[in-house]
């Protein structure tokens, strides 16, 4: 039985190592991502450009920089491109060996893409359709894994793709529920304050 209360304490060195990355490259990715998302935002949503959208582009840029730091810039190239196409191997490892490190990796891979699922449909209206979002979500995580494979700074893993995509879906569901709740409150307030 895995003791959840000690998992993150036992893995504090692993978690600390995850955030030791080259900040120069991370900041460069942050700036490039913010500019790229702002351009996409302006081109695809030109009728709805707002200051809040500009701020969201900056937040997404910061997020993308952190993702790059966590997945690329906290490790050195190995010189060998590697991949693991055994789907759910990490889940089996947790169940068979009760490995807290594997469980933390799974949780972190899921959590890493939750912000993606919230911010992308918030910024880009055309991604609010679930299937369009899912396509973007899977493309984003396949891109991360492909860059890790090409640069040899990690391995291309189906488990990571599954976990990252799951995190994006969780984020999307959070966005969708909050959006519908806000829409319902707005409609209710409009009904209450409608002139007689």
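Just so it is clear, glycine is given a Cβ too, placed from its N, Cα and C backbone atoms.
Among the ranges 81-102, 103-124, the stretch that TrEMBL annotates as transmembrane segment is 103-124.
Among the recorded stretches 49-73, 130-150, 162-182, the one sharing the largest number of Cβ pairs closer than 8 Å with the transmembrane segment (103-124) is 162-182.
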